[in-house]
Each structure stands twice: as structure tokens, then as C-alpha cells.
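K.L.:
My questions all concern the structure below.
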């Protein structure tokens with residue numbers, strides 16, 4: 001089963017692949033197809049040859065996915081209180097299915113799903129790197145802003161602590177070059193519990209092909225770097241950042257994939273793996289630089305980032321001020337309405353009192369008010 005890709009349509013992608021693999025003919029085609037056949041859409045045309053049961057299940061999956069996307073769109077539009085939602089137009093933003101035909105799964109759907117997943121996965125790591133860089137710049141920005149709030153003595157103490165933690169984090173054992181013989185032998189010995197003198201690449205590959213599908217996928221590769229990462233990062237240590245550890249793991253995996261994955265299908269075959277072990281770099285690799293040995297951003301980049309933050313803060317402040325004005329205006333209108341209400345209530349009360357007084361006065365034969373003369377007038 002395909003592992004989590006991190007894509008927003010990951011579940012749909014995995015379900016489609018699982019269903020397609022239940023068809024013997026398509027499964028055989030999938031196993032023998034190379035990455036270019038998959039990307040070009042040649043594999044998608046094989047969909048016409050799968051069984052009726054499989055096509056029916058794929059139709060059902062597509063209808064469920066379209067319904068899910070429509071719910072997401074509606075929830076998003078409801079949150080901004082928009083009306084007259086054109087679901088069909090909004091569905092166009094989702095490129096992993098044919099929105100013009102929401103009921104049946106056709107070869108075009110498989111082609112679109114493959115192309116979208118291929119493109120998105122290629123950009124996924126790039127996006128993660130960009131987010132990590134922002135994370136590091138935000139950390140530094142917040143540290144500098146905090147220092148501004150301290151007096152000189154406390155600031156020097158805080159800066160000294162910061163440098164001490166940097167030094168402590170950088171004081172770690174040598175990290176082997178990812179994918180090198182030394183690195184893999186260490187896994188073989190410490191994780192697998194085998195004799196390092198009996199290291200065998202073919203056996204190593206089979207041991208770490210956890211799902212026995214004949215490939216080392218990205219998750220299986222990343223698991224190989226745990227021992228190296230433990231040399232640098234410990235969740236118990238204040239100076240070690242686990243977000244940085246995951247970035248380190250990602251960079252290691254990318255490096256090995258670039259070196260080993262010949263056809264760029266994001267999977268390493270036994271043949272590709274064995275071929276890589278014959279290279280000079282496998283036996284005599286360059287030293288590996290960990291994140292603490294690299295400059296993650298420049299001062300200019302940090303300044304640009306801080307300017308962007310400042311602009312966002314200004315926009316939020318303006319919105320807050322506008323909302324405050326609206327609140328005050330609503331309160332003023334509310335107070336005005338309350339005052340008008342009280343005035344009306346007072347008028348009604350006075351009218352009722354006047355009616356009551358008029359109803360108690362004696363009346364003449366024609367219903368006119370009869371005024372009783374005061375006694376002193378008759379004297």
C-alpha cells in the first residue's frame with residue numbers, strides 16, 4: 001500500500017492505486033512500466049482493459065472525492081459568508097481529477113491524477129525547505145526582538161547562553177555521509193545487529209525493503225538515517241531542535257535519491273542500489289555538513305523577512321482598528337436605539353396614564369366630560 005504522501009488528496013490517490021492493483025492485468029503493467037510511460041499517460045490508457053468491478057469501484061471513489069471537495073469549498077465560502085457559490089468553477093482549481101465529469105472515472109482521470117501527484121511531489125520538498133527557512137528566520141527574529149526588551153546586563157547574559165547552546169549542539173560525533181558504505185555498515189551493525197565484516201549490500205536492501213515490494217521508497221530511506229540523526233539531536237536537550245532534525249532527515253534522503261535514483265521515479269530498485277555501491281563516492285565520500293555547519297539564511301534575507309512581517313502586522317493593525325471603529329459605531333447605534341426605545345416607552349406610558357385619567361372623569365348624558373365646579377365658586 002502506498003504510504004502517506006502528504007498531499008491534500010493523499011487518501012484518494014492511495015485508494016485509487018489500491019483498487020487498480022486488485023486488477024491482475026493493470027498490476028502487471030504498473031510493475032513493468034517505467035517513469036516516462038507513467039508520466040506520458042501511456043499507462044492511463046490501460047484503464048480501458050480493467051474489469052467492470054474495478055471501474056465501478058473507481059467511479060464510486062471519484063464521486064466521493066468530488067463530494068469531499070465540494071464540502072471543502074462550501075465550508076470555505078461559508079466562512080466568508082459568500083453566496084451564489086459556483087462549485088463547478090471552483091472545482092477547476094483541483095487538478096487531480098476531471099471535474100467536468102463528476103460521476104465516472106475515465107483514463108483522463110488517471111492521467112490527471114498521475115501528473116498532479118508527480119508535479120506536487122516534486123514541489124513538496126521545495127515547499128518544505130522554504131517553510132523551514134521561514135521557521136529559522138522567525139526564530140532568529142523573535143530572539144532579537146526579545147533581546148531588545150532586556151537591559152544591557154541581561155542581554156549579555158542571554159547572548160552568552162545562546163552561544164553556549166550553539167557550541168553544545170555543534171559538539172557531536174562525526175556524521176557519516178548519507179548512503180555511504182560507512183553509514184550503511186553502521187546501520188547494519190547497530191540497528192540490524194549484524195557483523196560489520198559480513199556487510200552485504202543485497203542483503204541490506206532486502207532487510208530494509210520493509211513492505212517487500214522490491215523498492216526502497218522515501219520513508220524506508222529516511223529510516224536509515226535515524227542513527228546518524230541521533231548523533232546530533234536529542235529531544236531531551238534544550239539546544240537540539242527537533243524541527244531541524246526532520247529538515248536534516250529530508251536533506252539526507254534528497255541527497256541519496258539524487259545519487260541513486262537513476263530514473264527519478266522516487267523509488268530505489270535493487271539494481272539502482274547495487275550500482276550505487278560500486279561508485280567511488282560509496283567508498284570514499286566527501287564529509288557531510290550538518291545544518292549547524294551551514295548558513296541557513298543571509299542578513300539580507302532576514303531583513304526582507306522582517307519587513308514582510310512588519311507589513312503583515314501593519315495590515316492586521318489596520319484591520320483591528322477598522323474593526324474597533326465598526327464596533328464603536330455599532331455600540332453607538334445600539335445606544336441610540338436604546339435611547340429611542342426608552343423615549344417611546346415613556347411616551348406610551350404617558351399616553352396610558354392620560355387615558356386612565358380620562359376614563360375616570362365623570363361624563364354628561366352625551367358622553368362629554370362633566371367638570372365639577374370647585375366649592376368656592378358657588379359661594
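All positions are counted from 1 along the displayed chain.
Cβ from N, Cα, C; glycine included.
Per TrEMBL, compositional bias 'Basic and acidic residues' is recorded for 149-166, 314-335. Annotation comment: TrEMBL describes 149-181, 308-379 as region 'Disordered'. What TrEMBL lists as compositional bias 'Basic residues' is 167-178. Residues or ranges marked as domain 'EF-hand' by TrEMBL: 196-231, 248-283. Annotation source TrEMBL lists compositional bias 'Low complexity' at 336-350.
Give me the local environment of each listed feature.
P.N.:
For the compositional bias 'Basic and acidic residues' (149-166), DSSP puts the residue distribution at 15 helix, 0 strand, 3 coil.
Non-local neighbours of the compositional bias 'Basic residues' (167-178) in the same chain are 186, 224-225, 228, 231-232, 237, 239-240, 252-253, 255-256, 281, 285-288, 290, 292-293; each lies 6+ residues outside the stretch with a CB under 8 Å from one of its CB atoms.
Confidence for the domain 'EF-hand' (196-231), expressed as mean pLDDT, is 93.
Tertiary neighbourhood of the domain 'EF-hand' (248-283): same-chain residues 34-36, 38, 121, 125, 128-129, 177-181, 201-202, 205-206, 214-218, 221-222, 225, 228-229, 232-233, 290-291, selected by CB-CB distance under 8 Å and a gap of 6+ residues from either end.
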K.L.:
Going by DSSP, how much of the domain 'EF-hand' (248-283) is helix, how much is strand and how much is coil, in residues?
P.N.:
24 helix, 2 strand, 10 coil
